[in-house]
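Taken straight from Swiss-Prot:
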- 179, 180, 181, 182, 183, 184, 185, 186: ATP binding site (BINDING)
- 1: N-acetylmethionine (MOD_RES)
């Protein structure tokens, strides 16, 4: 118990003690080196680099042992609660190392058989999964959404380990993310599961992510038998029983619960449908008692979320479309990737939004391209994160069509792609 609390204490933000800096160590899949040896070598590396500025990643090493066994060493999440990159003295911090290897297997399907039918009820990943690597960093939000979610889950686990009386202080281990489509709610849930599996790798050997297929669960055929819901959650219970695993249950588009319940009240669905809804809520109530489970849910239609479910959620976080500042960060990350891959060539330095603010948005040879990117970001407001991540590809496909392009040429293409996106939206709206 004390060991578990110690792990969590290391992961939680400190108030009076020295700040904690998290370092993720991606061990190569082919490596069989002991974590203790990797830990020792990485700490030697960090001792040689006492001062860092914000997040930083090493992918090349002087030491042969690290080269053979480690893909990358990353100081991460320093900017979740601090607006600007600031110098960090590692010698004055508590450095928490999180060593992990990625699971390359991909998702498997959880099938439920009933007579002649075979329904895919859920997708199942063993975490940390290669599929989700880098997903956390790709998600950009204006408010401290990511840090709040991390702190929430850490607190739920701490309260469980400390045996806090849940009759006096209640928490349900249920997170609800709601907002318009395309804002990254489902991706954030998957990224959060991955991040927590890595951060708590000293406590749990691996993570399990079960994504329940809401459309199958509440289809007409499926609603005829609540037994299948119980059978599905029994499979989840088997995973939870393994105390070496941290289990995440993801229910996407949870408003399906409401749709089924309201249809029953209106008399348009069989009474079995309401039994299935109640069975799901009952099963959630049962599995949330376990300290190694977190229930993650999303909804595209905020006003249609079932009240019975909303009451169960500890955190109800709205995820809206990105602001111009967030869009700038998204575009900047896309441009950096294209320069790294030499599709945009030659490489040119772009200023961050904070750096533009510091020079008062004055145009000169250094700031000119970044100011153009800022203008494109402003006129992109209203587009979802999903669309924004596609636009660099569309810009190249529609307006570049060459192996390499200068950054000036690409920004011009990106601007045209944004204009085209809004034109297409107007045309679609005219037909509706």
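Each position is counted from 1, following the chain as shown.
Including glycine, each Cβ sits where the backbone N, Cα and C put it.
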Most crowded position, judged by CB atoms within 10 A, among 183, 186 as binding-site residues: 183
Neighbouring C-beta atoms (10 Å sphere around the C-beta of residue 182 (ATP binding site)): 15
Residues satisfying Cβ distance under 8 Å from residue 180 (ATP binding site), sequence separation of at least 6: 300, 320, 321, 384
Residue, out of the binding-site residues 179, 181, 184, whose Cβ gathers the largest set of other Cβ atoms within 10 Å: 184
Per DSSP, three-state class assigned to residue 186 (ATP binding site): helix
For the ATP site built from 179, 180, 181, 182, 183, 184, 185, 186, further residues of that chain with CB within 8 A of the site's CB center: 298, 300, 319, 384, 385, 386
Number of Cβ atoms other than its own within 10 Å, given for residue 185 (ATP binding site): 24
Assigned element (helix, strand, coil) containing residue 179 (ATP binding site), judged by DSSP: coil
